[in-house]
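Read through the structure below, which is laid out as structure tokens, and then see the notes.
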Amino acid sequence: MSRKMLVTCALPYANGAIHLGHMLEHIQADIWVRFQRMRGNEIYFVCADDAHGTPIMLNAAKQGITPEQLIEKAKTDHVADFKGFNISFDNYHSTHSEENREITTEMYKKLRANGFIKSRVISQLFDPEKQMFLPDRFVKGTCPKCKAEDQYGDNCEVCASTYSPMDLINPRSAVSGATPIVKESEHFFFDLPSFEGMLKEWTRSGSLQSEIANKMQEWFESGLQQWDISRDAPYFGFPIPDAENKFFYVWLDAPIGYMASFKNLCDRTGLNFDEFWKKDSETELYHFIGKDIVYFHSLFWPAMLDGCELRKPTNVFAHGYVTVDGVKMSKSRGTFIQASTYLKHIDPECLRYYYAAKLNERIEDLDLSLEDFVQRVNSDIVNKLVNLASRNASFIAKRFEGKLADKLEDEALFAEFIAQSEQIAAHYENREFNKAIRLIMDLCDKANKYVDDKAPWVIAKQEGCDAQLQAVCSMGIELFRVLMSYLKPVLPQLAERAEAFLQTELTWDNIQQPLLGQNVAPFKSLFSRLEKKQIDAVIEETKALFAAQNKAEDKKGKQKVENTENTAVEPIAAEITIDDFAKLDLRVAKVISCEAVPESNKLLKFQLDLGDHQRQVLSGIKAAYNNPEELVGRFVIMVANLAPRKMKFGVSEGMILSAGTGGADLFLLSADEGIRPGMQVK
């Protein structure tokens with residue numbers, strides 16, 4: 001019996017380009033959706049741009065355009081990127097739409113009527129220059145716990161403490177640089193604790209990934225809190241009904257964007273929207289998301305739906321991040337690759353296949369090893385799969401005018417291939433794509449071994465063996481057809497070219513039906529080898545792209561420095577004695593390695609040589625040094641006798657000295673030539 005399903009991907013933020021990290025999720029979901037279509041299920045695949053929030057408002061102002069213009073350009077670019085990677089959305093919409101405004105307003109009113117919206121007056125930091133309340137991430141200052149400078153308003157990335165923005169020492173607006181003032185404002189809250197019982201039951205249903213269920217249990221033990229769903233003007237978003245100058249927080253209307261995109265599709269095609277969203281719906285609803293937004297999709301979103309008497313997701317499928325060559329994607333190394341840059345140089349099916357070969361049902365990071373990428377694509381797709389067709393098709397075309405044999409040369413081998421159909425289907429269903437690919441490639445090896453053992457090139461030279469030659473080559477093409485059917489969800493373009501060659505549609509239902517006695521088209525090249533020079537071209541273009549951006553930012557920074565040269569410096573600190581100073585053991589250290597801490601916006605991780613030993617130091621100077629690997633080999637000055645400090649991202653065994661006001665305005669101290677690691681500063 002056919003299943004009815006609705007599938008979504010997390011909404012890309014309309015404030016930047018799509019990159020290969022985004023593509024992991026969209027390729028994963030698209031493979032799953034295409035498989036379900038091949039199985040005959042009624043499935044709809046929707047997404048949208050997440051188009052609201054303070055960052056979009058500020059970025060638009062910075063560019064001298066309206067937020068509407070900014071998000072329209074982003075949507076055009078995003079749609080082009082997804083199309084380039086053959087992501088088969090039935091609809092791609094925007095959260096800044098009439099459908100989303102209507103549904104968001106309706107759901108808010110329903111939650112309010114059901115008693116799940118609370119209000120209270122809160123105190124917030126306010127930028128007197130920009131006349132706007134400042135979100136936590138738009139306030140910076142000194143950490144109240146460890147006194148680290150240039151920390152965000154909600155947590156310290158040096159000591160991992162959390163706090164209120166008003167606890168910051170010397171806070172400043174990240175928008176204008178002004179010193180914020182405290183103002184009161186009425187805010188609206190979603191009463192999440194009221195849904196704890198429902199959420200616990202949903203967690204125990206067994207349908208969620210174990211990692212998500214375990215994480216939810218931690219959140220339950222910590223205690224659920226009411227969720228602030230309002231923001232004060234100015235803000236780019238939807239206004240809250242009956243509340244002057246109040247807007248819905250972007251994370252309230254973002255998941256509702258799933259519904260809005262589907263509603264837009266329903267209005268255009270006549271689909272029944274309520275059938276998929278009513279509380280007793282018998283359809284299935286799946287969300288593919290990254291591990292960084294599990295909190296919103298496993299707590300707030302199902303609670304909101306339940307509070308509005310709507311159905312909850314059947315499941316939420318989370319995935320990990322993409323690393324390149326074992327480390328976080330890097331702009332300076334050229335591995336923070338935008339989708340549009342990739343598409344200029346490399347076939348999108350290469351990445352689809354590589355991701356599929358490594359994706360499983362767990363929340364694990366996936367490493368894009370560039371050397372392995374080239375080797376696997378060429379080995380599996382070109383040398384094994386496509387070569388299987390080409391080495392047999394030439395004989396069928398030249399000797400038999402494209403006509404296949406009337407019977408299978410090896411029925412047992414064909415039956416073995418068909419017998420794997422349900423196991424491969426189960427792997428696809430369970431999102432264990434790596435297992436599906438492994439099994440398909442095992443079959444591909446068997447198919448090529450069959451051809452090697454039969455050696456049609458030898459048979460072709462023997463008198464009176466035409467029937468045997470036709471039978472062997474037809475068998476090879478038949479096995480290629482089965483393999484391409486199994487790979488169609490992963491490689492839709494290659495499958496389309498294979499269908500043109502085979503003169504038949506590849507479906508799951510006809511896998512077991514051989515093309516006996518039928519004609520195939522003249523063989524044309526199905527797939528090109530992936531060359532290292534293509535990878536190099538992507539890397540170099542990515543480096544150039546971000547180098548140009550850094551140059552523009554550096555130019556602005558220099559102008560800013562020139563404009564502030566005459567500003568007052570910080571006052572001299574209180575006097576100390578020579579004995580106080582003598583307590584510090586300052587040493588010269590050589591940078592052995594330096595890399596960004598992936599989870600932190602501030603920290604660089606240094607490995608330092610002090611002559612007789614090495615130290616690891618975490619330093620909050622990321623904003624000042626965009627290319628940390630360029631620091632390797634430099635000499636720095638460090639406080640060597642500072643007690644080791646266990647931080648959120650590891651242990652720091654000292655402090656590197658720098659000068660400046662903080663943020664991008666920091667400069668490492670260095671020394672003259674001739675110094676050696678371990679020398680004491682006196």
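Heads up, the Cβ atoms here are built off N, Cα and C, so glycines get one too.
The feature Zn(2+) binding site is assigned by Swiss-Prot to Cys143, Cys146, Cys156, Cys159. The Cβ neighbour count for Cys146 (Zn(2+) binding site), using a 10 Å radius and every protein chain shown, is 14.
Among the features that Swiss-Prot reports, ATP binding site is placed at Lys331, with the record citing sequence analysis. Counting every protein chain shown, the number of other Cβ atoms lying within 10 Å of the Cβ of Lys331 (ATP binding site) is 18.
Feature annotation from Swiss-Prot assigns domain 'tRNA-binding' to 580-682.
Long-range contacts of the motif ''HIGH' region' (12-22) within its own chain (CB-CB distance under 8 A, at least 6 residues past either end) are made by residues 47, 49-51, 53, 55-56, 59, 70-71, 74-75, 77-78, 81-82, 94, 321-322, 324, 329, 336-340, 342, 351, 368. Among the features that Swiss-Prot reports, motif ''HIGH' region' is placed at 12-22.
Taken from Swiss-Prot, the feature motif ''KMSKS' region' applies to 328-332. Mean per-residue pLDDT, taken over the motif ''KMSKS' region' (328-332), amounts to 87.
In terms of DSSP helix, strand and coil, the domain 'tRNA-binding' (580-682) has 10 helix, 46 strand, 47 coil.
Comparing Cys146 (Zn(2+) binding site) with Lys331 (ATP binding site), their Cα atoms are 30 Å apart once rounded. Each residue contributes its Cα atom, and for Cys159 (Zn(2+) binding site) and Lys331 (ATP binding site) those atoms are 26 Å apart.
Counting every protein chain shown, the Cβ of Cys156 (Zn(2+) binding site) has 23 other Cβ atoms within 10 Å. By the criterion of other Cβ atoms within 10 Å of the residue's own Cβ, the least surrounded of the binding-site residues Cys143, Cys159 is Cys159. A gap of 29 Å separates the Cα atoms of Cys143 (Zn(2+) binding site) and Lys331 (ATP binding site).
In the three-state DSSP reading, Cys146 (Zn(2+) binding site) counts as coil. Residues of the motif ''HIGH' region' (12-22) grouped by DSSP class, helix first, strand second and coil last, total 3 helix, 2 strand, 6 coil.
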